[in-house]
Amino acid sequence: MTVTTDPKEDLNGKEPSQVIEDNDDGEDDVAEIDPAGTGDAKKKKKKKKSKKKKAEQSDPPRIGLSKLFPTNVYPEGELQPYKDDNSWRTTSEEKRYLEKLANEDPQTTYQNIRRAAEVHRQVRAHARKHIKPGMSMIDIVENIENGTRSLVEENGLESGVGFPTGVSINNCAAHYTPNAGDTTILKQGDVLKVDFGVHVKGRILDSAFTLTFDHTYDKLLESVKDATNTGVREAGIDVRLGELGGYIQETMESYEVEVGGKILPVKTIQNLSGHSIGLYNIHGGKSVMQIKTDDMTKMEEGEYFAIETFGSTGRGHVVDSGDCSHYAKIVDAPRVPLRLTSAKSLLKSIDKNFGTLPFCRRYLDRAGETKYLLALNHLVQQGIVQDYPPLCDQLGSMTAQFEHTILLRPTVKEVVSRGDDY
């Protein structure tokens, strides 16, 4: 379509200047009007401004989220409305106002946990695609942690890794990450739990999944994923933790696994649990058991929880086993005199690099610490640092884990770690 102007037409006293002609070539024709009406008007090409290309994540993921989300507004998690006696919260003006205040406060804003969640989704998408039998455990965790540090744009205690990457295999359910020199290789028949965290200003995103490389234990994974989703669905403000554990147990233990022609019941691992998450504190004080208990403690508005479940083909009970790799400074650690100079120095390094965030021996290596095991054990003995050894069920059994972080907002429950994968 071409828009033209009659040179004799009244132009309200203004000088005739330009009219735009549409072309199909992606450019605009600008026709200069000849005031004398001689028909000698010339056309000039007006180039359109080129649009900026949207930034895309690299493979492996190493581009910081600030480049992908320049407005610092990050995707909201899955929203689940509260049920029953709390359904009124969805439309409450008072609760909406409280939520608005919380999100606008730099200390309580939901953008921190959403930023951490988006880092987790992008890093785990690459990990789920690329983890294969034959890889060393060191390579697996370093790829995940390098991606996490890059995407969250690690900055001291402002943002970084939330806790050591767990890659527990088979009967080992939790708290295994390789120490330096570990030569363990992932095998075809392994059941691998991948549990890693991201934090932004101390707000920790905690989420985990399980991988297998044949179909033998598909039902085990299905049962645990279903149990975790049950826990997420039934969680909410005023829900009693003892009752929530019963829903999780009922779901998980409704499954069976056939292995070598033998039917094995899936058991909840009764001495593992989910937990509330505090600021710079991965275990915030409340436990979400996987079995029905008499615990009358309620979930409360504004709290963050890690809903994680573990299933096993074994006893359904774990014990400490193997070399310890996970540690964390206790939040309310006592102030006690340290007789070892090396322990004093190590504690300063822990305070500087991790605060009360969990760490592992590889992270101490990365921070430049050497010959620290004696000092580290002394801090544990003095009740300043807590050690977390690997937790394993009986040999020959297989364990699986799935986990999500949820936020109990005033108006709605947000499953912040939810993705297209799980």
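For all residues, glycine too, the Cβ spot is worked out from N, Cα and C.
What TrEMBL lists as compositional bias 'Basic and acidic residues' is 1-13 (among others).
The region 'Disordered' annotation in TrEMBL covers 1-90.
As annotated by TrEMBL, compositional bias 'Acidic residues' applies to 21-32.
Sequence annotations record features per position, and here TrEMBL assigns compositional bias 'Basic residues' to 42-54.
Feature annotation from TrEMBL assigns compositional bias 'Basic and acidic residues' to 81-90 (among others). Long-range contacts of the compositional bias 'Basic and acidic residues' (81-90) within the same chain, counting only residues at least 6 positions beyond its ends with a Cβ under 8 Å from a Cβ of the stretch, are 236-238, 410-413.
Sequence annotations record features per position, and here TrEMBL assigns domain 'Peptidase M24' to 112-309.
Long-range Cβ proximity for His283 (substrate binding site), meaning a same-chain Cβ under 8 A and a gap of 6 or more residues, is found for His275, Ser276, Ile277. The substrate binding site feature in TrEMBL is assigned to His175, His283.
Residues or ranges marked as divalent metal cation 1 binding site by TrEMBL: Asp195, Asp206, Glu403.
Positions annotated as divalent metal cation 2 binding site by TrEMBL: Asp206, His275, Glu308, Glu403. When Cβ atoms from all protein chains are considered, those within 10 Å of Glu403 (divalent metal cation 1 binding site) total 24, not counting its own.
Within 10 Å of Glu308 (divalent metal cation 2 binding site), judged by CA to CA distance, lie the following binding-site residues from the set His175, Asp206, Glu403: Asp206, Glu403. The residues near the divalent metal cation 1 site, meaning same-chain residues not in Asp195, Asp206, Glu403 whose C-beta sits within 8 angstroms of the mean position of the site's C-beta atoms, are Gly166, Phe196, Gly197, Ser207, Ala208, Ala306, Glu308, Gln401, Thr405, in sequence order. Other Cβ atoms within 10 Å of the Cβ of His275 (divalent metal cation 2 binding site), summed over all protein chains shown, number 19.
Here His175 (substrate binding site) comes close to Gly166, Ser168, Ser325, His326, Tyr388, Pro389, Pro390, Leu391: these same-chain residues lie at least six apart in sequence, with C-beta atoms under 8 angstroms from its C-beta.
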